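Undergrad: So that we are looking at the same thing, I have put the structure below in structure tokens.
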Amino acid sequence: MTLYRGTFLDTPDDPFTGGRLRTEQDGALLVRDGVIRARGSYADLHRQHPQEDVVDLSGGFVLPGFVDTHVHFPQVRVIGGLGLPLLDWLDQCALPEEARLADPTYAAGVATDFVRGLVGAGTTTALVFGSHFAPAVDTVFAEAARVGLRITSGLVVSDRLIRDDLLTDPERAREESLALAARWHGVGRARYAVTPRFSLSCTDDLLAACADVLGAVPGAMFTSHVNENTREIEVVEELCGCDYVTSYDRHGLVGPRSVLAHNVHPTDPELTLLAARGASVAHCASSNAALGSGLFPLARHRAHGVHVAMGSDVGAGTGFSLLKEGLAAYVAQQQLGEAGHPLTPTHLLHLATRAGAEALGLRAAVGDFGEGRRFDAQWIKPAADTPLDVGLTHAADPADALAKMFALGTPADVRSVWIEGELVEAPDSHLVG
Ligand code: GUN
Ligand code: ZN
């Protein structure tokens, strides 16, 4: 067993319904076989378990590993393609790169960059939009397994309106998806996600094939995009003859294991439907800003009872850090003025951890430091005299320190990361590459 000593912050109770930031100052977590067995003050736990190894994380703060509920593996090398709205950005920036993953050697390099980017940002669990090429999806599952990252991913499918070399057909989609699920779903920390790109690029026959796969793989998730950009929404309504959420729902694809990304422009009936189905929405704030998609109506999601978590949406999103996403989410709500939902740092931490675990059906496993959870954690410990170090040194209280982490923190401040009690990112690894 190992005793981790430090100041632990987490959000087991939903701050949107009154939950508060939980703080364990000079606290300890007792971890055996990757699971938190006890928590309390360091003095108490050390007295009770004097023989156990102590990992001293004093100085800085220990947060639960982040849960990124929407991130694109093939797009890591095109982060930063600014200045285009969604459909132009897809054509000119994202999809040409995605086509390069037809080469499995290229895909393997991208998978390495991608997994390193996630872990380096303190993310320990992710719902990963895969590739249109099955061998490339194998490479991301394999790299995540090698590093220990907890991912849910799958084959991305489309059969219309995007470049030809990314298109499939319903039969091939069904076969390749089932074969990938057979290889990866439930193997180690991996799970399968049925992943039509968006209903704009998927015929009803293809969405029906997706529903077949979802039905054939118990515990699989469903993920796609919804209501991101006004032009995109017009095209979907024209093609499908219904609203965007219904384009998936009429195939039985919207349920408690579904995560739909963006939802910047939903109608009230769509929000009602999402809530009734128990589906989750991945809020991707930096992407919404970068592509000019609009400001996320968080208050309307809350009012309808739609579960919301956070996604980086790399590569339209501008980086892997959910600290940056948190800040962008906060800013978007400020910009909405009266219609915005004020967000505290406690809300941001909850969105980046606990809410994500719930969206991904991992409520019992990860998302906070309660007893019985896996020890998925990140140690935020900035270098001496950096602005974040100064901020944390002079923070009034833990909530203020957390605000400073969201305002100033970057992956360079994530000193160490553990997944299920295994150290995956050693101190100073950013410096040694
Ligand atoms: N809609 C369909 N594909 C994508 C994508 O790759 N990124 C974003 N942001 N939206 C999409
Ligand atoms: Zn996306």
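Including glycine, each Cβ sits where the backbone N, Cα and C put it.
No curator has checked TrEMBL annotations; they are predicted automatically.
Annotated domain 'Aminodeoxyfutalosine deaminase/Imidazolonepropionase-like composite' per TrEMBL: 27-51, in sequence order. The domain 'Amidohydrolase-related' annotation in TrEMBL covers 61-424.
Would you situate these features in the structure and describe their surroundings?
TA: Within its own chain, the domain 'Aminodeoxyfutalosine deaminase/Imidazolonepropionase-like composite' (27-51) is flanked in space by residues 1-8, 369-375, 420-422, which lie at least six positions past its ends and keep a Cβ under 8 Å from the stretch.
When averaged over the domain 'Amidohydrolase-related' (61-424), pLDDT in the model lands at 98.
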Undergrad: Pull the DSSP breakdown for the domain 'Aminodeoxyfutalosine deaminase/Imidazolonepropionase-like composite' (27-51) and write it out as helix, strand, coil residue counts.
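TA: Helix/strand/coil tally for the domain 'Aminodeoxyfutalosine deaminase/Imidazolonepropionase-like composite' (27-51): 7 helix, 13 strand, 5 coil.
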